[in-house]
Amino acid sequence: MVLMRPDEQIPILPAVGSEPPPEPPAPPPPPEEPAVRHPSPRQTLSYLRGLLQSHGLEPKSKLGQNFLIDLNLLDLTCRTAELGPEDAVLEVGTGTGSLTTLMADKAGCVFSVEVDKDIQRIARYFVGDRPNVHLFFGDALARKNELRAEMLAGWTELAARHGCTRRKLVANLPYVIATPIISNLLISDIPVDRMVVMVQWEIGERMQARPGTKDYNALSVLVQALADIEIVRKVLPTNFFPKPKVDSAIIMIRPNAEKRAKVGDVPRLRVFLRDLYVHRRKNLRQALSGWPTGPKSKADVDAKLAELGIDGSIRAEALDVEQHLRLCQVFG
């Protein structure tokens with residue numbers, strides 16, 4: 001990764017709608033030399049603040065913009081992802097392009113999504129002429145429980161064009177969309193090898209929470225039923241600009257084919273868990289008797305629970321993943 005020298009100035013991009021001034025022609029590099037790129041942003045606090053201010057921009061809290069200002073953590077993210085030429089990476093939240101350019105030098109290709117047009121202009125400058133990077137402008141979600149089809153199609157097309165055989169999600173995810181991005185991609189038919197993402201600390205804890213704990217919920221069961229999860233590093237607010245109010249975590253999620261085969265109907269499990277945990281404070285007998293698909297007699301519910309060897313007086317949060325799967329087969 002190439003960093004800017006102390007004597008270099010923050011680049012000033014042309015105003016929206018204007019054309020950049022023509023650059024004097026330069027002789028092409030020798031065939032064995034890599035193409036010249038713009039230096040990657042250094043992502044220090046002072047540099048990043050100056051970069052945004054020079055373009056009249058401020059981080060937008062409504063978009064969950066918290067820019068990582070520690071290059072060591074960017075490097076840790078890439079190392080954890082174990083990127084190689086066979087990898088087609090999806091990045092949600094391009095930001096200024098620091099992680100994008102770092103990944104582009106390691107992966108086969110990077111499909112990077114950004115919803116903020118002004119920020120994307122800065123990223124476009126730093127990405128430069130890298131042929132293995134596509135910057136996509138727009139929202140990653142079509143709606144809360146649906147990934148944007150154009151994004152997925154573009155990612156697939158880019159992977160095919162560069163001959164990439166593995167898919168990975170690697171991103172400093174905007175906190176406001178982190179959970180739906182992860183859960184929707186996890187239940188999709190896209191064969192994702194792994195996800196290495198920055199999320200709120202509580203989201204990471206929730207995904208690996210154990211039965212009977214306060215953090216254990218539908219998300220915990222869904223993720224653990226389909227994948228193996230690891231919290232790689234806790235990240236303090238001081239590593240971001242602006243500082244978020246909560247701690248963060250770099251997490252790694254590895255979809256597990258054997259686990260997925262046991263689940264069978266993945267969308268069915270997701271709907272079942274969502275409905276079950278709407279009644280989180282009720283015991284199983286109460287929750288399943290008033291099921292959204294139609295009320296059931298408590299006697300019938302008790303009989304089915306007895307066949308499963310599950311006590312109807314406990315809450316869903318006391319069940320392990322395997323018990324949730326058996327419950328879904330009968331009541332889902």
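Backbone N, Cα and C atoms are what each Cβ position is placed from, and that goes for glycine too.
Among the candidates G50, G93, G97, G204, the one that TrEMBL lists alongside N66, L68, E114, D139, N172 as binding S-adenosyl-L-methionine is G93.
Sequence-distant neighbours of N66 (S-adenosyl-L-methionine binding site) (same chain, six or more apart, CB under 8 Å from its CB) are P59, N172, Y175, F240, F241, P242, K243, P244, listed in sequence order. On the 0 to 100 pLDDT scale, the domain 'Ribosomal RNA adenine methylase transferase N-terminal' (73-257) averages 97 in the predicted structure. Secondary structure at E114 (S-adenosyl-L-methionine binding site), taken from DSSP and collapsed to helix, strand or coil, is strand. Cβ contacts within 10 Å of L68 (S-adenosyl-L-methionine binding site), excluding its own Cβ and spanning all protein chains shown: 23. Highest local Cβ density among the binding-site residues E114, D139 belongs to E114, counted as other Cβ atoms within 10 Å over all protein chains shown.
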